[in-house]
Amino acid sequence: MTQRTLVLVKPDGVQRGLTGQILARIEAKGYTLAQLELVTATREILERHYEEHQGKPFFEPLVEFMLSGPVVAAVVEGDRVIEGFRSLAGATEPTTAAPGTIRGDLGRDWGEKVQKNLVHGSDSPESAEREIGIWFS
Ligand code: UDP
Ligand code: MG
């Protein structure tokens, strides 16, 4: 079976009108959008989604940020898509993310307690299946 990953366009991406550009980069790379939805997250969804980060200093700012507006959730398919999308997304911090990546080209630091970095992508096949179950159940 082809690999799947969960991609989120975070509230900063949706609010800044970058959803189309971000999805276009995924499609231009050759991956397939298998499921796509505009969703308003809940605290419960986000606490499950980000469970590995509970207790870290950025956790509460991260949850507040992710509740600040709708997100676009997508299941994206293709061979090695987990690795491939994370490569397209770039490093976590937009300030130093490589130019050419989504975060490097479209993001910056806004002086806040959380890095607003436009996108989420699952980091392993186990995370992908777990996260797809949270957002598309
Ligand atoms: N984050 C942050 N500061 C940090 C680490 C993470 O604001 O020092 C935020 C950032 O929005 C990131 C999210 O928390 O995308 C999840 O962190 P993770 O380390 O999983 O980064 P990612 O996998 O998204 O690159
Ligand atoms: Mg992560």
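For all residues, glycine too, the Cβ spot is worked out from N, Cα and C.
What TrEMBL lists as active site, pros-phosphohistidine intermediate is His120. Listed in sequence order, the residues of the same chain lying 6 or more apart from His120 (active site, pros-phosphohistidine intermediate) and placing their CB within less than 8 Å of its CB are Leu6, Val7, Leu8, Lys10. DSSP assigns His120 (active site, pros-phosphohistidine intermediate) to a strand in the three-state reduction.
Residues or ranges marked as ATP binding site in TrEMBL: Lys10, Phe58, Arg86, Thr92, Arg103, Asn117. Here Phe58 (ATP binding site) comes close to Lys113, Val114, Gln115: these same-chain residues lie at least six apart in sequence, with C-beta atoms under 8 angstroms from its C-beta.
Feature annotation from TrEMBL assigns domain 'Nucleoside diphosphate kinase-like' to 2-137. Helix, strand and coil counts from DSSP across the domain 'Nucleoside diphosphate kinase-like' (2-137) read 59 helix, 24 strand, 53 coil.
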Do you know which of the binding-site residues Thr92, Asn117 has the most other C-beta atoms within 10 angstroms of its C-beta?
-> Asn117
If you draw a 10 Å sphere around the Cβ of Arg103 (ATP binding site), how many other Cβ atoms fall inside it, taking every protein chain shown into account?
-> 23
Least buried by Cβ count (within 10 Å) of the binding-site residues Lys10, Arg86 | Arg86
List those of the binding-site residues Lys10, Arg86, Arg103 whose Cβ lies under 6 Å from any atom of ligand 1, in sequence order, or write none if there are none.
-> none
